[in-house]
Amino acid sequence: MDLVDPSQSAAAAAGTQLVKDEVAEKCQKLFQDFLEEFQGSDGELKYQSDAEELIRPERNTLLVSFVDLEQFNQQLATTIQEEFYRVYPYLCRAVRAFARDHGNIPQNKEFYVAFQDLPTRHKIRELTTPRIGSLLRISAQVVRTHPVHPELVSGTFLCLDCQTLVRDVEQQFKYTQPSICRNPVCANRRRFMLDTNKSRFVDFQKVRIQETQAELPRGSIPRSVEVILRAEAVESCQAGDRCDFTGSLIVVPDISQLSTPGVRAETSSRVGGREGYEAEGVQGLRALGVRDLSYKLVFLACYVCPTNPRFGGKELHEEDMTAESIKNQMSVKEWEKVFEMSQDKNLYHNLCTSLFPTVHGNDEVKRGILLMLFGGVPKSTMEGTSLRGDINVCVVGDPSTAKSQFLKHVEEFSPRAVYTSGKASTAAGLTAAVVKDEESHEFVIEAGALMLADNGVCCIDEFDKMDTKDQVAIHEAMEQQTISITKAGVKATLNARTSILAAANPVGGRYDRAKSLKQNVNLSAPIMSRFDLFFILVDECNEVTDYAIARRIVDLHSRIEESIDRVYTVDEVRRYLLFARQFKPKISKESADFIVEQYKRLRQRDGSGVTKSAWRITVRQLESMIRLSEGMARMHCSDEVQPKHVKEAFRLLNKSIIRVETPDVNLDQDDEHEPEDETQEGTNGDAEVPNGVNGHVNGINGHSQESNAAAAKPSLRLNFAEYKRISNLLVQQLRKMEDEDETSQRRSELMNWYLKEIESEIDSEEELINRKQIIDKVIHRLVHYDQILIELTQTELKGTGDEVVAKEEDPYLVVNPNYILED
C-alpha cells in the first residue's frame, strides 16, 4: 500500500502515507543486514548462493533458518516470532532488495521468505486466538488437498466514472474493492473494474490437516484446520502425508457463510412476493451485522516439510535414505545400540518379545507381523510395472485369542499406522472419497484409511464383517498398491503403498476344524489370494497353556511394570527398523534355486490332494515367499538373500497354507443309539472332539451296557480326508442321477454303486464286508449329523389327525439343496 501512483493529488497521497510502521521498517533493515552479513560455520556468506538461485524464473522464496536468525540477533528473532504477520511484507521487501543486489531481477517479480528450524512445535488443539499473527510450527496429517488456483494479492482497479487507476488495493482473503476513488473530484465508491493485466497474482492452494492419532486425547474427535499455501509451498504435500507447517495463524472471513443466498439484509428489502418469505426479510437489530461476524481461523503457511524421521513420520518407509544419512541423524550412543542389535544372535526372538511383551505365545503370528514391518523390496520392471514389496497378513481366530491386541500394538508402534473397523468402514472411507468444497463448490479428493496409511500399515479389524462391495474396493490397493477413482468428474490414480494387517472371526464364531479355511472365513477367493500370510488361532482347552495364559494375565494386572519383559525398548526397535529398511537385499543364485524348488513342492502337494492346502497355491504365493525372504534378510541387515532366510520364509508360509489338523471321524460314536427323534442334538459336535475323549462322552448318555460293549470292540474310525472323498463321490453320483434321469436312488442302490466303483480294490470277502459296513456308517452320518443327504419318507395319517413317519428300511436319498460341493 505504500507504493502510490504519482499522478494522484498531494492530498490523496498524504492520505495513504499518514502512518508508518517504524517497528516493521526497522525489522526490514535488520533482516537485510542479517542476509548480507551472516556467515555459516565455514566462514562463507550463507545466503548469498541462495540469493543467486532466486534469479531463476521458477524460484521466488528464500528459505531462512530461524536458528541462524537467533544467533545473529536475538531481539530481531523474538520480534519476528511475536509479530510475524505484521512484519512479513517488510521481510519480503528485504529479500527483494537483497536479491536485487546479487543479480539482475525483473522489476515486477515478487519475493517471499520462509522460515525453518523453529524450536517449538504446537498441536492443532493449541491454535487459539492469542496466537494469531505469531510465527508457529504445527505438525499434523494432510487429509484433503485442493487444486492450485491463482489468488489475487494486490488489485489494480479502474474507476468507471473518471477512468482513474487505483493501484495496489490489498485483498483481505476476499474480493476487496477500493473504499473510494483516489481522484479528489470523483465521489465514486462502488463502480470499479479490476484490471487483471496490472494486478498481482500468486499460486494459492488450500489444504485441510487433521490431528494425528498419536496426539489425540482418548475419546476425542480429531480437530482439523485449513492451511493456505502460497508460491513455492504449493503442491509440496499430498493427502496422507504427515508434515510440519511453519507460518502464522490468521483470521479470515468465512466465505461460505457470506455467500449464503437470501440472507443479506439489503437484498431482502428488494425481494417481494413469495420469495420474500424465503429470504426471511430484515430481522431487526438482533440480526444486524451477524453475517459480518462470520470469521474462521486459518493457518497461513510459508514453509512445509515432511515430519523429521527422528520424531516419527515417514520413519518406516523412507526408501531413498542411505545408511550414512541415517547414521548421521543418530547420536553415537544410539548408533552403537543399533550396531549391537545387528550382531545379536537371537535377534529374531528378541524383537518379537520386545514388540508384543503382553501377548503370551502365538510366536508364529509375532514373527509374521515382524517381517511385515520390515517388508520386502519394491521393484519396478522395464515396462514400468511396479511389484509390491509390502506384506499383507490376515489373522483368523476364535474370540479372545488376542487378534485385536496384535493390531493395537502395531498401531501404537508404527509411526504411520491407521486402525479401522471393517464393519464401520465403507469403500469410500477405506480408499478415498470425492467431496464438494464448501467455498469453491468444486469436487476434491479426501483421503481414506489406505491413503492415510501410505508408506505404513493399515490395521483392519472385523475384516470378515465388511460388505462384499466394500471388500472389492481394496482389491487394487492390496496388489497394485494404487487407488483409482472415477467419479463426479474426478479421475485420479492415487498411491496406497501400505501393508494390510487384518483380523477376522470364523463363520459361526468358532473355527471348525472339520472344514477348510475357505469355508471357515467369509472372504472371497481374490481377497484371500492377496494375503501373503494367514494365521489361524484356535482356542483349545489345554491345562498347561491355560495356566500359563492365566498366570500372565494376573501378573499384568497386579504388577504391570515388572511383568513386561522387553529386551529392547520401543524406540530402539524403531531405530533398528529405520536402519534395516534401507537395505535392498538381492537374491543369490543359490537362494533362487531353493525358492523354485520349494514352490514346486507346494504346487505338487496342492495338486495331489493328499494334504489338501487351505487355499489354491498360485504365483502369488511364490511372490509371498520372495517378499518374506527379503524381509528376513533385511532384519539381519544383509545385502543378499541367503537360503536360511528362504527356509524361514517357507516355514512361515507353510504354516499358513497347511490346513488345521482335523481329527479322524469316529463312525461308531452313536451307532448303538441311533436317534429315533431329532431332538438328540448333543452328539453333533463329537466329530470335532479330539481322540481319547469319545469314551467319556458316550458314557454320559446312560446306556451303560451298550457303552461297555462298545468299549470291548475297537471303534470304527476313518481318516477325515478319506471321509470327505467318499462324501463327495456319493453327492456327485446322486446329483448326476437327479440331473440325468430325474429320479432319486435308494440307499441300497447307492451302496451297491459305490462298492462296484471300488471293486478293483477289494481282494477278499472280509474286506467287502468291512467296506460295506464303512459306507453304511458314512451314509448314516451324512444323513443324521452332517445333514448333507436327506431321506425321503412316506407319511401316514391316523384317525387322531397326527402325522406318523413310517420308517423305511431302504429309503430314497437326495442331496440337501443348500449343500455346496467343495473343490
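Every residue gets a Cβ built from N, Cα and C, even glycine.
Now, the feature entries from Swiss-Prot:
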ZN_FING   159-186  zinc finger
DOMAIN    347-554  domain 'MCM'
BINDING   G397, D398, P399, S400, T401, A402, K403, S404  ATP binding site
REGION    663-710  region 'Disordered'
COMPBIAS  691-703  compositional bias 'Low complexity'
Secondary structure content, the zinc finger (159-186) (per DSSP, counts of residues): 0 helix, 7 strand, 21 coil
G397, D398, P399, S400, T401, A402, K403, S404 excluded, remaining Cβ within 8 Å of their centroid (ATP): A503, N505, L537, D539
P399 (ATP binding site): tally of other CB atoms within 10 A of its CB: 10
Which of S400, T401, S404, the listed binding-site residues, has fewest other Cβ atoms within 10 Å: S400
Sparsest Cβ surroundings (other CB atoms within 10 Å) among the binding-site residues G397, D398, A402, K403: D398
Per DSSP, three-state class assigned to G397 (ATP binding site): strand
